[in-house]
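Features of the protein shown, as given by TrEMBL:
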type	residues	note
DOMAIN	63-109	domain 'F-box'
REPEAT	156-197	repeat 'WD'
REPEAT	251-290	repeat 'WD'
Amino acid sequence: MAFECQKGIESLRICSIEPSKNRDSLTLESEKRKPLHKLDAKGGIVNSKCEDLITGNEVLPGCRSITELPPVLISEIFNLLEPKELGIVSCACTLLYQIASEHHVWKEFYCERWGQPILQPPFGAGYSDEKSWKELFAEREFRCKTFMGRYTIDMLYGHTEDVRAVFVLASKKLVFTSSYDQIVRMWDLEEGLSIASSESLGCTIRAVVADSRLLVAGGTGGFIHGWKANDENPHLFDLRAPQNEDMEFQVWEHGGPITCLALDFNRMYSGSWDMSIRVWDRSSLECLKVLIHSDWVWNLAPHDTTVASTAGSDLYVWDTNSGSKLAIINNAHAGYTYSLARSHTGKLLFTGGEDGAIHMFEIFENAMYHVRRVATWIPHLSAVYSLAFEFPWLVSASSDGKLSLIDVRKLLRTNRNSALNNSSKAVNLVDNVEPPQRMLHGFGSNLFAVYVGSNRIVCAGEEGLVRIWNFSQALEIEQRVQALRGLRLENRMRRRNRQLETNDKGRRGNQCSFTEKKNQIDGHRNSWNNRRKLVWKVKA
């Protein structure tokens, strides 16, 4: 088994971990590379520009296995491995298992994929019942399988017209929806019950977004209506109370309907059909930047100091500090590019358009900001109105009344330390993609909004209903189904064996009866012959 560890352009290759009589020893073989790191006698890294061979004795004098390296050096090597590779290496011996299990890189793995956990445990040496980052990562990775399992569906009734926006605040187990009926509703994610609803805002609400401090909604009136969180309220926001200047606000600056909203820690973003995106300061509610597009803005996705947006049929990436345009993809779709989603790291962009296609783009930051398309799916027959991404699942909602579930792990690079920022090394994977892993049906009309969170998929559309696809019990259900299937198979085998035994006994009984009849016939023949012989003897 070979493990290749790279860091930037220079690399150190550790290979051929061969089993021996003592499984705790891992052999280091030499490997010829171009620019590489050499290790001196003290374990220091020495850069070399020439091509040569590095043998195990040159790494550390007298070092014959990786377990003889200093733990600090082993830890640095583990920094360059993928989660799967790190798990495999930890199975080699007790020492590597201990180092790998307590390695800080598990926190990086988790945060890169899903961000900070909703409930952060106290990671300290004094706690005995805490969960390590490795355990949290393993649990979350295991939960990724749930979307391929069985589910239950909850239907939420309350809106009287088409539902245009859905947002899930997983940390508080809340769902927010908005509709053509000009009302914002709040639902309990676990119970599926309506908690509160706002009064009519006077226009169609096309966008709604929230976090633990703020809830904002925007619509065709061109204003942003916001509610501030109240810590005394168990559901954070009081939508039913009359307007309170301390807890509610409205912002008017857009010249057209607001189509999309987003929040981060310090800023608020809004996109409109007035062909602009406005960046707001959350505390002062002042507009900091205005990003002008060439067409109607349909969606946006911020990350750090950049924001991606779709306008018309194009895809944009902007720098929010300077207001400059970093990249643009013209005609990303045939028709309007309605939907947009972004990974937690900000490196992956997903777009859905009027043509029913879904594109995956990767952002490369080198001397120039570069965006390249790496995958394409066409799971729908009509427009894709909404996308939601939670690693590794991309979920799309379309006007054909279907949801598609796409696992993007097969498209991502297996080596997280490869030169991601070097666009010349990017591989175009468009011709190597697979179809969606799952399609969810059962909708007879347009789906306008979808969101993924907490083992659930929430979607809504033209019917005015909000559906929650609950996968929280998928693994338990699958385990019960497998157990019942095993019992049925065992009972079937028992019945089959019993039938075979019965048939064997029947055949044996038939053979015995046939033998008895044959013996009787033979006995009658022998007695007749004996009597005949006796008669002839008497006559003689």
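Backbone N, Cα and C define each Cβ position, glycine as well.
These figures come from a predicted structure and were not determined experimentally.
Sequence-distant contacts of the repeat 'WD' (251-290) (same chain, at least 6 residues past either end, Cβ-Cβ under 8 Å): 203-204, 206-211, 214, 216-224, 226, 296-302, 307, 309, 311, 318, 320, 323. Panel annotation: around the repeat 'WD' (156-197), residues 118, 203-212, 215, 217, 219, 235-240, 446, 448-454, 456, 458-468 of the same chain, lying at least six beyond its termini, place a Cβ under 8 Å from a Cβ of the stretch.
Helix, strand and coil counts from DSSP across the repeat 'WD' (156-197) read 3 helix, 23 strand, 16 coil. When averaged over the repeat 'WD' (251-290), pLDDT in the model lands at 95.
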